[in-house]
Amino acid sequence: MTRKSRRLILIAACGAVLALALGLILSAMSGSIVFFRSPAEVAAQGVAPGTRFRLGGLVKDGSVKRGPDQNVEFAVTDTNATVPVQYRGLLPDLFREGQGIVAEGTLDVGGVFRADTVLAKHDENYMPREVADALKAQGRWQEGGGKDASKAAPKDAAKPETADATLGQRSER
């Protein structure tokens, strides 16, 4: 073999090993990729039953029904469409009607989303980007987490005194 043919064989072998490694990585990742959908996308696209995805939106007011053995039924809405959800387990402490959530699970034949994980928003300004985009597209987005700015505490509100200041005032005799 000539030097040139050995180099070509080595390059081809390295290319084959890299292609195999890339194929293994992609096949391993395909099982862990879970897509996010809003209720409007679920209604419009007709998601196939058994497809695993994340459903994000707001818990519809008046929809939470607690059953025996930690069974909970509620509806998730993006104000354009609503998807019924069934979940069994402990809900996050921040879960309540009107709050943003992301649930992971599958859609059954009847159109009910069977969640195995429910995540609630964790501060008053957080909302999943996809949910916020869907609300903005519908013209229903409110800046500041939907709270009335006039009810917010003024920035120069009195702050509680520190222990040092209080002790300093008392020690003067």
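Glycine is no exception: its Cβ is also placed from the backbone N, Cα and C atoms.
Under the heading heme binding site, Swiss-Prot lists H122, Y126.
Positions annotated as compositional bias 'Basic and acidic residues' by Swiss-Prot: 145-162.
For 1-7, the entry in Swiss-Prot reads topological domain 'Cytoplasmic'.
Annotation source Swiss-Prot lists topological domain 'Periplasmic' at 29-173. Across the residues of the topological domain 'Periplasmic' (29-173), the predicted structure has a mean pLDDT of 75.
Summarising the annotation, Swiss-Prot assigns transmembrane segment to 8-28 and lists sequence analysis as the type of evidence. Distant neighbours of the transmembrane segment (8-28): 1; these residues of the same chain sit at least 6 beyond its ends, with a Cβ under 8 Å from one of its Cβ atoms.
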